[in-house]
Structure formats: C-alpha cells, structure tokens
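Straight from TrEMBL, the features:
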| type | residues | note |
| --- | --- | --- |
| ACT_SITE | 348 | active site, nucleophile |
| BINDING | 166, 167, 168, 171, 256, 257, 258 | UDP-N-acetyl-alpha-D-galactosamine binding site |
| BINDING | 256, 258 | Mn(2+) binding site |
| TRANSMEM | 31-56 | transmembrane segment |
C-alpha cells in the first residue's frame, strides 16, 4: 500500500510536464517520502501498544494487594464517613459480581457438560400440560417433570449453596428435624453451608453431615414479638451477605425453620432470584392476594397489580441479588416504622412488593412449600418437597 501511494504521487509529477529541476525533485522524493510514511505507520502501531500497556497497568493497579488492603479497611472508617463507607461497600459488591471466579453460573460462564445419557426432550409432547410452566416474563415455574436433575447436577457441580435459617427463642426445637431432613433431601451431592441464626448457640444440635457441608452458627439477639423477629431477618441476612456470604457461597436459600424436607430439593431451584408460590394463593386471582393495601406503607400494592403471591418462608438467589432484596426490604420496613405503620404480613408483604417490581428469574411451584394439615393435596402436586411441621402457633410464638 505504501509503495503504490508513492507511485501515484510520482506519476502525477511526471504527467504535469515539469522541467528538469522538478524531475530531480520527483526522483529524490523516494528517498525521503518512503521513510516518512513508514515512520508514520510505526508511530500509529506503537501508540496502540503503549495504550494497551497503560490499560493493563491500570487494571493491575486496581487489583493490587494495596487496593484490596484499602477495601479491607473500610470497616474501620469513622462514623462521620458513613457515605464513603457505603460507596466503598457498593464498589466491593460490584467487584464481586464482575469477578468471573466468584459470580454465580447463570451470568458468567456456561459450564461444559460431559457426555450424558438422558431421554430426549419432545418438542411436541410437553411433560406438563396441566399447569403453567413459564411466566409472562419467561421465568420457568418449577414443577416435577419439567427438569432433569442429572443434567443440572453436572451444570452446577462447582457451586456452594448457603442456607439461612432462624432458630430464635422456642423455634430452636425445630432445628434438629430441619437439619436431619435437609441432609437427606437438600442439595444432595453439593457443598452446603447451613447458616443458623440463633440466640441459643449451645442448643444447636450436632448431626452427621455429608462431605463438603458444614453448620455455621451465627449468634443474634432475640426480640419480644415474633413479628419483630420475622422482620429483622431481612436486616440480618443483608448484613451477613455483605460481611461473609459474598465471600463464601454462590447462592443463598432463605428458609423457615418450622418445616421439614420430605423429597428432593436440588439445584433446579437455583437462579439469580427466585420466589416460591404461596400454597394458599397459587390458584387465586390477584384481588384475593393478601398484599398490603394501605398506600401509606412502603409495601403497598394496588388491587389491579400483582403476578403471584410469594411465601416469605422460601426465597433466594445469587448472593448479590439476595443482598439487594433484603436490603431493600429492610429499608422499606424502617421507613414504615418511622411512619408508624407495620405491613399486614410484615417481611412477607415487603418481599411481595419487591418481587412484583423485580421479577424473579425462576418461580417455585407449591411442591416446594406445602402444609398438609391446612390444605388438601391436589392431583397436580406430584411431590411435596418441603412441608410444614405440625405445631401450636400461639404457643411457639409466645
């Protein structure tokens, strides 16, 4: 390209009928024009190289130990710098989300699946025609028959799941059955951290655990009213998500303790954000949902809005998404408290408000939460995976 350009320039000088001095100038142009053009080419090349080097140095400086050291010191900032602390914490959260090694599988790398033998899906023969299996925003609704555990277990083979459960005051009596049945049915074959929030660490039972699973006891205070215990769950999950869950697990599953597992609950539930259909409202219209209907509350939902009614006893997702959810719900409850109002179903009301405007990426069917004493099992529920334990609510909550 450079030589042809020179030839074009010289050909123009030869066709203009210039005298001998100009012919001499045209001939000598090859001696200075060619090096000049080559110099320009190399200058452009090296400017790009230097630009890349500068970018690499900047990225390395951002991930250097000194930067991590500064981020690790954020908890020691004085209270007068609360705003700066929030900014630093948000930056740390965003860094966590953008790190390929730490983020959840849904938004990072698609895992390679080894050779497996499984039945082929039949496009014209859906496995379920009796129930809705997809929301209007293309989130799957998980029912028995809509997934293949063998494929999913391989896709999620390298993740660690955190399970949060609150065993405060009299609710500690449910913990042994909860953990025993979880070891039998919950995320079998996968790494699990059971995060037990309790005011009675000495009463947490010792049970045999599968390899790669552990119970982590987190001591918290109790509250006089059961409603306050329920509402402060959001605050505590948010706090510990930021302090440790972000660094220890990929997903969080947030459950009630007065329940037991009765069938398989595995990685089919995992998604960036998921909620579970309330067993009392899965077939109801939106006007029947027990949303908070008072406009003064932050949990208020108008009667002409609503997708589903979600149960507060079973929700979760990736740690960053659960952090956002629990932080937003806690802040909304604090705003309600400042205005002298308490949502009708406490944290569950705020959960439903959040999931209405932050659509979950997966919805769990009532198979994943059922009460055999209160409700008759319909034929569409092929399995009951997580069920309520019989109890006297008034006695336990007192």
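Cβ atoms here come from the backbone N, Cα and C positions, even for glycine.
TrEMBL does not curate its annotations; it predicts them automatically.
Mapped onto this structure are the features recorded in TrEMBL.
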residue : record                                          : Cβ neighbours (10 Å)
166     : UDP-N-acetyl-alpha-D-galactosamine binding site : 25
167     : UDP-N-acetyl-alpha-D-galactosamine binding site : 25
168     : UDP-N-acetyl-alpha-D-galactosamine binding site : 20
171     : UDP-N-acetyl-alpha-D-galactosamine binding site : 23
256     : UDP-N-acetyl-alpha-D-galactosamine binding site : 20
257     : UDP-N-acetyl-alpha-D-galactosamine binding site : 23
258     : UDP-N-acetyl-alpha-D-galactosamine binding site : 21
348     : active site, nucleophile                        : 24
Rounded Cα-Cα span from the residue listed as 'active site, nucleophile' to residue 256 (UDP-N-acetyl-alpha-D-galactosamine binding site), Å: 12
Residue 348 (active site, nucleophile) and residue 171 (UDP-N-acetyl-alpha-D-galactosamine binding site), distance between Cα atoms, whole Å: 18
CB-centroid shell, 8 A cutoff, UDP-N-acetyl-alpha-D-galactosamine site 166, 167, 168, 171, 256, 257, 258, site residues removed: 165, 172, 174, 175
UDP-N-acetyl-alpha-D-galactosamine site span - longest C-alpha distance across 166, 167, 168, 171, 256, 257, 258, in Å: 11
Length of the line joining the Cα atoms of residue 166 (UDP-N-acetyl-alpha-D-galactosamine binding site) and residue 348 (active site, nucleophile), in Å: 15
Rounded to the nearest Å - Cα separation of residue 167 (UDP-N-acetyl-alpha-D-galactosamine binding site) and residue 348 (active site, nucleophile): 18
Cα distance (Å, whole number) from residue 258 (UDP-N-acetyl-alpha-D-galactosamine binding site) to residue 348 (active site, nucleophile): 16
